[in-house]
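As annotated by TrEMBL, domain 'Major facilitator superfamily (MFS) profile' applies to 116-544. According to TrEMBL, the transmembrane segment annotation covers 185-209, 241-260, 272-290, 355-376, 396-417, 456-476, 488-512, 518-540.
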Amino acid sequence: MAKFTTRLDNFCFLPHHTSSSHSSNFLSRTSRKNLHLELIPSKHRLNFKVLCSIKDKKNVKDEIEKVGASSGGLVNGVRVEELDEKGGLGRESASREDNFDLVWPPWKNIPQRYKLIGTTSLAFVICNMDKVNLSVAIIPMSHQFGWNSSVAGLVQSSFFWGYALSQLPGGWLSKLFGGRKVLEIGVLAWSLATALVPVLAGFMPGLLLSRILVGIGEGVSPSAATDLIARSIPLEERSRAVSFVFGGLSVGSVTGLLVAPTLIQNFGWESVFYIFGLLGIWWYSGFHFLGEEQALDAVEVEHVAPLRSANQHKPWNDSLKELDGMKTSWNNTLEELRVSLKDVPWKAFFRSPAVWAMIYAHFCGSWGHYTCLSWLPTFFSEELNLNLREAAWVSILPPLASVFVTSIAAQVADNLIANGVETTTVRKICQAISFLSPATCMILSSLDLGLQPWEIVGILSCGLALSSFALSGLYCTHQDISPEYASILLGITNTVGAVPGIVGVALTGFLLDSTHSWGVSLFAPSIFFYLTGTVVWLAFASSKPQNFLESD
């Protein structure tokens, strides 16, 4: 007799290479839990009997005791017992044991933390696709609706109004409910709001509101991701995890800038918002399904059916009691929200020089990032005389180079920490590179040095790509100093970091209308904040763990 255990829910699979003329198959299913497959070959072949039993790992021990020593037990693998040809199916003459697990879906045995990091990174890809789509679509939209640079800047900056408003609530909710659930809801919210943009584009208040909602949905994502990483990733893997997740933003920028011009030229600017919004809804459905699958895997199916059957025949009084219980649970949840908000050591946060260094560094980095993200396609189109597709494709180069820089920076940072270099020193080096590189390249691009357009593109791309070192600098420091409050700390710094999106993006458009100079409107403010941010970071930043509760 041959017995093996498999993880599949409704079938077992046995490789069989003999012709049907030499054997006949008998298949009988006695229950949902057990599937028996008997092969009765011809008289010239060995006889096998295969019993497939679906068992959860935690029930294997009980099954071994049930089967007993006479049958050799049941393991999470395969036991093949060859039957003597002469003795028939009942006599065992030899046996061998093979380690075999048939796993479906293929990612089932991937460690949980890797699955969370992978899906979160994919969410960030979609996040920046929905962020950069307007920076491309704003060009044909401005022509259609007659917007000048100031109005275009106002429309683009409206995203950051919602983005700033949702930072602290996102960090707080992530700490309370977990980053996974907050991220899931955030993706769905911003995807639906993205799909509404074409419907509301002709009505300015409605358009601004839709972009604010996109900002609110995307604003909770960094804190949710930070909470996931702080809870599930050890220190020696943290730089790579942060870089992989937030590196999805660069991939999203590349993808959005690559796809958007083609969609606009072939199907109109409206198609960008519809298609990108549907991608987010698709991610939500897949992520939700993955979560349900993992939950079902932890519970034996045979225990679910009786409970479900029992629930269907509950008395009316029991249903009323359940409703009362739900109301009590909801009231308790509200009380937990109030208490948890009160227990956050806000005063201790703002007494820490390291927190203030993170706040200002985040502000400085965001000024350069958001203004370039919003205005570079227009800069390339007007200043370098490129058409829509060429301008968008050239704008791909900075985030595309960032993907490679991110992986290198993360590996270097983790290796330095693993080799004994102080964590604070590593974070300071990475953040200094991320500030000084784009500042230097912007200075070269803004000066009248007689550079060719492709040279300006190359210089800016290199500088902005090297700014990705911040993912191994600033963006790791929140988890370094306090894993418990990492999501809230990122919510604080990200709130301040969203201000340049509101002020800087709009101010760039205003200065451009006033001065007609890209050097003054786009590059000069970024250079200033990059340089001052470097000084503050080197002077006050620290990655030493801090107990904020004791100092509060």
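Any Cβ shown, glycine's included, is placed from N, Cα and C.
Unlike curated records, TrEMBL annotations are generated automatically.
In the predicted model, the domain 'Major facilitator superfamily (MFS) profile' (116-544) shows an average pLDDT of 83. Sequence-remote contacts of a segment are chain residues at least 6 beyond its ends whose Cβ falls under 8 Å from one of its Cβ atoms, and for the transmembrane segment (241-260) they are 117, 120-133, 136-137, 222, 225, 228-229, 233, 272, 276, 373, 377, 392-393, 395-396, 398-400, 402-403, 406-407, 409-410, 468, 471-472, 475-476, 479. The stretch with the most CB contacts under 8 Å to the transmembrane segment (456-476), chosen from 185-209, 272-290, 396-417, 488-512, is 396-417. Sequence-remote contacts of a segment are chain residues at least 6 beyond its ends whose Cβ falls under 8 Å from one of its Cβ atoms, and for the transmembrane segment (272-290) they are 115, 119, 122-123, 126, 129-130, 133, 136-137, 184, 187-188, 190-198, 256, 259-260, 263-264.
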